[in-house]
Amino acid sequence: MSDLSGKTIIVTGGGSGIGRATVELLVASGANVAVADINDEAGEAVVAASGGKAAYFRCDIAQEEDVKALVAQTLAAFGGLDGAFNNAAIPQAGLPLAEVSLERFRQSMDINVTGTFLCMKYQILAMIERGTKGSIVNTASVAGVVGVPMHGEYVGAKHAVVGLTRVAAADYGKHGIRVNALVPGAVRTPMLQRAMDNDAGLEPYLNSIHPIGRFSEPHEQAQAAVWLLSDAASFVTGSCLAADGGFTAI
């Protein structure tokens, strides 16, 4: 387990799935965690289980004032900012590209792209102001490195996240700030579990498209994210870590 004792990390989308698993592992690794979500009940439940090492802040990452407030509240609560896991996103049910409405396309871009940009912007500014050599991890997706049929707006958004990650790494390496992307394959999140409960064929299909023969559990993604956030990955920046069971290898 990575040692993050005394470090302060923001986790967006921290109320469930990969985000929740990452909060739990960060706390176990000694970090203070600012848990951000739009689901107050879920976010507060994560904090209640943290043993006093986490605080919940409501944040819609597509809203600039929310993101600015999240960073300010984190600094006020914990006295610094050492890293961030920008994990909040909105996946959507599959549609052929020409059937995607402009409203749906814009929603994907607002949350997945603009939200990630805003989070990085204010996290980086806070780190530079304090001279912190921090680490930022953005959740991309296999959809950020390959084309996934029927998910045009999500593929476009996650490709943008990968591009923003690389540019930020190049821009801010001179400040000692590392920026990387996590590239999960399918993950057993509550949303995916609901979909599998309604479609008996979905789980076998998802197992079949990952060479390792199964899809991921949230804690496996959390382990990858925490490694990237830690000093164990001190020479890793501008990279896409594919924790995808081999999905992008074929």
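Numbers run from 1 along the shown chain.
Here the Cβ of each residue, glycine as well, is placed from N, Cα and C on the backbone.
In the three-state DSSP scheme, Tyr154 (active site, proton acceptor) is classed as helix. Sequence-distant neighbours of Tyr154 (active site, proton acceptor) (same chain, 6+ residues apart, CB-CB distance under 8 A): Pro91, Gln92, Ser108, Asn112, Ser141, Ala143, Val148. Per Swiss-Prot, the feature active site, proton acceptor maps to Tyr154; the stated evidence is sequence analysis.
Under the heading NAD(+) binding site, Swiss-Prot lists 9-34. Counting every protein chain shown, the Cβ of Ile9 (NAD(+) binding site) has 32 other Cβ atoms within 10 Å. In the three-state DSSP scheme, Ile9 (NAD(+) binding site) is classed as strand.
Note on Ser141 (substrate binding site): other Cβ atoms within 10 Å of its Cβ, all shown chains, come to 28. Annotation source Swiss-Prot lists substrate binding site at Ser141.
With a cut-off of 8 Å between CB atoms and residues at least 6 apart in sequence, the same chain places Thr8, Ile9, Ile10, Val11, Gly14, Val23, Leu26, Val27, Ser50, Lys53, Ala54, Ala55 near Val33 (NAD(+) binding site), listed in sequence order. Counting every protein chain shown, the number of other Cβ atoms lying within 10 Å of the Cβ of Gly17 (NAD(+) binding site) is 24. Under the DSSP three-state reduction, Val33 (NAD(+) binding site) is assigned to strand.
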